[in-house]
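Only one structure is covered here, and it is reproduced in the block below.
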Amino acid sequence: MEKKKFLERDDLETTSMEPLSPMSQMLSSPNLFIVITFGFKTKCNPSAFVEGFKTTLINAPRFSSKMVINYKKNGEPVWIPVSIRIEDHVTVPDLDYPNIENPDQFLEDYTSRIANIPMDMSKPLWELHLLNIKTSNAESVLLAKIHHSVGDGMSLMSLLLACSRKTSDPSALISNTSATKKPVKSMISAWWLIAGLWFMIRVTFTTLVEFFKLMLTTCFLRDTKNPLMGNPDDGIQSWKVIHRIISFDDVKLVKNTMNMKVNDVLLGMTQAGLSRYLTTKYDGYTMSQKKKILEKIRFRGAVAINLRPATNIEDLANMMTKGSKCRWGNFIGTIIFPLWIKSEKDPLEYVRRAKATMDRKKISLEAFLFYGIIKFTLNFFGGKAVEAFGKRIFGNTSLAFSNVKGPDEEISLFGHPISYVAGSALVGSQALNIHFISYVNKIIINLAVDTTTIPDPHQLCDEIVEALKIIKSAVQEKRSHNMEV
């Protein structure tokens, strides 16, 4: 494993340094990074990418800096700017493409292979792999391996938008897309004061409850041992990274019919899929026994929450500019989300439960408290304590979950139209990481699993996809019934 390079005393006096943010400090291990797959509709031109990144990527400070240890500051890591040569970070493997029998399997194996290699910490923390391989969903592929301390999903999505252009107009940046805003009702009576007071009471009470649960998880409260939970003391033995593309319209159908957010639907179908998968893992038990086992399971996920005040696509595209309302880097919190792992007859109960739980979490300030705890720990106890805190949170929960919204219209990267964007963040000691990324009319399900714990990730993915189909069917039946009534 690569060690973080120490900053020499003489260099310390002349080098411009920037400390890592609290979350970047927690994610500073060489084994914590993000693997992103860009599928293109055309064959890729490596020279076009190299020249394109020379005028875009190196303008992002984190991509032209490396992490070193500042011995004058208790051995904490810092960023220092360095000169960079794009070609040193781009790999174009010499492959015998005509003789690759199964391109999809080859891409999966190649992605998993680079996911099992710790990041080289002696240079800026990113690398690119260009493969002119035709798969089921693309004519060529770009794999990006980026250390998580460089930025979170929102930061990296902003970078993609800043580098890309509209497919319909190669000279234009992506159009602005604003989030839907709820109309604000005028309240000029005493009820406004009463409602506001009641809301503050709910926020305070819910925050205290969720903070108490967070502290219990940090100290000793672990999930029930289950087939999807690895042993945090063993660490990750072997990563397997896969993805699956589904229709965004199916998710929107459920969202609109059930009057909820996209994230609620994704969490609901995840709960349903995990329940289906776990039901198959208790051989030798009757269905009634399996149902009782699932009812007793404590199964929670560490869900990443974006803390930026503005998350519209237009703000993300300008995130790297001075004075932007958005913040580059890792400005995220985490909530401990209890998943509804049950054998439900009504498939819509999974999405209802997801919405109810997330609504309660939104009222609380748990995500901000998590970030505040990380910052407080870093300031008073140092980076080692922050890393230990993160290990406790991730080690006591069963999975990591996130959802990143991508562009609503097709874009191209240096003249290459993008077919899809997939990505997995390999963080913590959980054996299961589930991430969703939307792109135009597609949602990409991304699974990163430790195969020593979960040897059949494709079956797990199948169950999640099948869960959405069942939920969609139930929604259509509900709509049909309502129309008849």
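Placed from the backbone N, Cα and C atoms, the Cβ positions cover glycine too.
Remember, TrEMBL labels are computer predictions, not curated facts.
Bear in mind that the values here come from a model prediction, so they are computed numbers and not experimental data.
Over in TrEMBL, the protein carries these features:
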type     : residues : note
DOMAIN   : 48-178   : domain 'O-acyltransferase WSD1-like N-terminal'
DOMAIN   : 328-472  : domain 'O-acyltransferase WSD1 C-terminal'
REGION   : 1-23     : region 'Disordered'
TRANSMEM : 190-212  : transmembrane segment
Quick check on the domain 'O-acyltransferase WSD1-like N-terminal' (48-178): DSSP residue counts for helix, strand, coil, in that order please. 49 helix, 31 strand, 51 coil
Within the domain 'O-acyltransferase WSD1 C-terminal' (328-472) only, compute the mean pLDDT. 94
What does DSSP give as the helix, strand and coil breakdown of the domain 'O-acyltransferase WSD1 C-terminal' (328-472)? 61 helix, 44 strand, 40 coil
